[in-house]
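A.B. asks: According to TrEMBL, the record shows the following:
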- 93, 94, 95, 96, 97, 98, 99, 100: ATP binding site (BINDING)
- 303-312: compositional bias 'Low complexity' (COMPBIAS)
- 295-316: region 'Disordered' (REGION)
């Protein structure tokens with residue numbers, strides 16, 4: 001997603017272009033050389049993504065508005081949440097490239113407000129049905145590797161007292177973080193604006209009100225429905241993440257700004273290492289699967305030859321340093337686990353931001369190689385009952401088919417018939433026991 005504000009006023013040269021789903025950036029290090037004819041480096045580097053948006057000039061026919069961006073991405077967020085998946089949407093990019101505006105926007109713009117309106121529109125649809133939903137929100141910021149609740153009145157002497165813990169089943173969480181039950185869109189907007197007002201910002205060389213902390217706005221969306229006369233509950237967690245922008249340290253900054261920048265860069269570097277390692281592990285897993293499939297096909301066609309050992313056993317997945325940063329630890333599931341994750345990379349197309357833009361594009365290119373394994377978050381007992389019912393139906397179908405064979409041939413194996421009947425009875429008993437546990 002390209003945007004150009006301060007650079008336009010300074011007469012910056014545009015070096016980025018968008019062609020469909022491909023973002024191309026001119027290598028100014030090659031263009032500026034007189035003897036670049038003999039330079040082996042590429043003059044233009046292309047990166048392909050699922051979506052590319054051009055937000056430089058509103059008069060340009062290719063201009064992408066906030067509405068267009070969130071019609072594409074926000075719809076996916078809502079669809080996944082309604083089906084019970086965890087969702088994460090986060091923006092990464094250089095300071096001043098439009099991350100906070102893209103994620104938080106304004107009440108009249110799209111962005112996060114599009115998602116919130118969609119959730120409460122679905123909530124209103126449940127009003128006349130045998131179903132209901134509950135929405136809770138929380139808002140935190142990570143400043144200098146410490147966590148603060150943006151929706152809680154904290155003691156000025158100890159503003160950062162929240163600690164990150166890890167639950168054996170649900171994963172990392174913030175101990176003591178408040179969750180606020182909301183019933184309509186207006187309440188959420190009020191809480192969101194309250195949290196944004198408390199975020200730490202400061203003037204830098206690039207931006208007058210640069211975010212100096214990472215912010216995570218979490219929506220807990222729970223749906224209670226009646227399915228086949230059986231109560232069922234599915235829950236999804238939507239993480240909307242606004243990352244602080246990366247920026248080079250400047251000796252003219254005061255000590256606080258330098259400390260902030262160091263901690264921001266530390267967490268972003270860790271995030272980059274985590275994303276790179278996850279992408280490497282995903283690619284290794286995919287290639288091992290492909291090789292093992294080819295090997296197994298070869299072994300089956302040469303049954304007399306000795307079997308080849310599994311390729312996947314020769315290399316172990318690389319260690320992923322989630323705990324090296326509070327940010328990556330909290331986003332552990334979102335980055336490489338039970339979540340559908342969308343990354344928005346915001347860049348400046350100006351020549352003055354060439355290095356930062358290249359870094360962001362490489363970052364995003366690595367991230368798209370990660371393969372997550374999201375699953376529907378539903379009640380374990382309800383899931384067990386549904387699976388047992390499906391197994392009972394399958395066994396009853398088999399019994400009926402055997403009955404038909406018996407009538408036609410009168411030669412059915414009585415032992416096999418008895419075993420199937422016993423399996424049906426066992427599963428029906430399990431269903432009854434599961435009902436008693438509910």
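Quick reminder: no glycine exception, Cβ is built from N, Cα and C everywhere.
Just so you know, TrEMBL annotations are computer predictions that nobody has curated.
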A.B. asks: Starting from the Cβ of residue 96 (ATP binding site), draw a 10 Å sphere and report how many other Cβ atoms land inside it.
C.D. replies: 24
A.B. asks: For the binding-site residues 93, 98, which one has its C-beta crowded by the most other C-beta atoms within 10 angstroms?
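C.D. replies: Neighbour-count leader: 93.
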A.B. asks: Counting every protein chain present, what is the number of Cβ atoms, excluding its own, within 10 Å of the Cβ of residue 94 (ATP binding site)?
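C.D. replies: Here the count is 22.
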